Amino acid sequence: MKKVPFFCALAVAGLFPETYIWSQTASQSHVAHARMFAPGTIVSPSSNARIRNEDGGKASTNLKILSLADNAAPPHLKAAAVSVPPVAGYFFETPASLACVYQLVPVTQPGCNPNLVATNVTGGSRAIAIVDAFDYPAAMSDLARFSSQFGLPAPTSSNFQVVFAAGTRPPDGSGSGWDIEAALDIEYAHGLAPKAKLYLVEAASDAFSDMFAAVKKASQLVAAAGGGEVSMSWGGAEFASEKTLDSHMTTQNVVYFASSGDSPGTSYPCVSPNVVCVGGTGNSRNQVTGKLGGEVAWNDTGGGTSLYESRPEYQNPISSIIGSKRAVPDVAAVADPRTGVWVYNSTYDGAGAWFTVGGTSVASPVMAGIVNSSGHFHQSSIAALTSIYSTVGAVGAGWNDVTSGACGYYDGLLAKQGWDACTGVGTPRGTSFKLAF
C-alpha cells in the first residue's frame, strides 16, 4: 500500500492516542463511499505520547493520519467555485464552505457543497494568537499556499508573525505532528478572520510549564493589539493542582478558546472557568450531491463535568443539569474527521501535502476566527461565557442547537435540546450570532 504524496487525512486534538487501520473490501465499498472514506492506513505520530503527573505533565495531540492507497479516488464531480479544494469531488470542508454552513456569508449555494461555494468571510480585526509547541519553520510559506488555494489574503510580515515564547527558536517540530497542528490552527483562524492580525506563539516544548509560558506571551500580544482571542488546540487529563493555572487565562480584553478533546471525559485547559471550551460536531451531507443535511454531535468529542473545577456563576442557568462542577463544552464546531477540513503542510513528510483534518483541534481555531470576524469583543472569557449562557435554549439566539448524535461511549451522553455535554449550547449561526456572543 503506497502513500499518495499530495493528499492525506488526519484528526487532530489533545489527549489520548489511537491507531486504526481502514481498508476497503468489495462488500464494504458502498459503506466506504457513503462516508467518503478512502482505502488506506491510519497511524498515530509521536506527538500523541501522553505523560501524566500532578502538575499536568505534557500537552499532546491526537493525530490520525491516513495514507491513501494508489486506487483511492473521489467521486467525479466538477468543481465550479473560483476558490476550490485541491482535489475536486470530496466533501471535506473549506473556509468558504464553513462560512456557508454557519451562515456567516450570504448562502448562494443551498447545501454549501465545498466544491461549489466560493464566498469567504472578509472580516476580522485586532488579533488572534495560536499557541502550539515547537517550531514550525514553514509556517509563512504554508499559510501562503493555503491562502492562495482558497482565495484568502496572502500572509505578510505585517499581518502574520511567528513568536518564540522563550525568546529563542524552539526545537524543530517538523514531522512530530505538532507541525500539522500548527498548520491547521493558523490556516483556519486566518480562513475565518482574514483581516485579523495573526500570531503563532511557539512554546519551547510541550511541557505544560512551557505551554502556559506561551499562553502568557500570547495574551500580551493580543492585549497589545487592542484585544482578541487566544486559541489552544491541545490539552491533557485533569490534575489536582490545575486551578493554579487558571490565572494564566485572565488577561483583560482577551477571550480564550480550547479544544474539548477527542476522547470521553474532560481535559485541561478546556475545563478552566476562564476558557470557552469548544466541542465537536460532524456535518451530515448527501454523498451524491454534497448538500448539507444537518449537524450532529461527533461521537469522539470530549465533554462532561470537571473533577476539580467548581461550577462558575455563568453556568447557573444549567445548574439542574450539571450540578456543582464546571461542565463542558460550552459551544461546538466542526470536528469529525469523516467530514474534515483541508490543510496544507510541507514539513510533516518533507514533501508538501494536502491533508484532511478532523478532531476538536479544528473546532477551537474555527470558533476563535468566527468570534473575531463577528466584531464582538469581550473584556474576558467570563464575560463572553456569561453572554453565551444568558440565552441558552432560546430560539434565534445565534446558536444552532444540535440535537442529534451522541458522545462519551460508556457515559452515553446525548446531544439534546438546550445545553448538552457533547455540543454545549450548539454551533454559531448567522448574523444573530454577533448579538449572542
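Using N, Cα and C of the backbone, Cβ positions are placed for all residues, glycine too.
Record features, source TrEMBL:
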DOMAIN    107-437  domain 'Peptidase S53'
ACT_SITE  GLU181  active site, charge relay system
ACT_SITE  ASP185  active site, charge relay system
ACT_SITE  SER361  active site, charge relay system
BINDING   ASP401, VAL402, GLY418, ASP420  Ca(2+) binding site
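The recorded positions near SER361 (active site, charge relay system), taking a 10 angstroms Cα-Cα threshold over the set GLU181, ASP185, ASP401, are GLU181, ASP185. Compute the center of the Cβ atoms of ASP401, VAL402, GLY418, ASP420, which mark the site for Ca(2+); besides them, the chain residues with Cβ within 8 Å of that center are GLY393, THR403, ALA415, LYS416, GLN417, TRP419, THR423, GLY424, VAL425, GLY426. Each residue contributes its Cα atom, and for ASP420 (Ca(2+) binding site) and ASP185 (active site, charge relay system) those atoms are 26 Å apart. Fewest Cβ neighbours within 10 Å among the recorded positions GLU181, ASP185, ASP401, ASP420: this applies to ASP401.
Among the recorded positions SER361, VAL402, GLY418, the residue whose Cβ has the fewest other Cβ atoms within 10 Å is GLY418. Counting only the Cα atoms, the space from VAL402 (Ca(2+) binding site) to ASP185 (active site, charge relay system) is about 24 angstrom.
DSSP assigns ASP185 (active site, charge relay system) to a helix in the three-state reduction.
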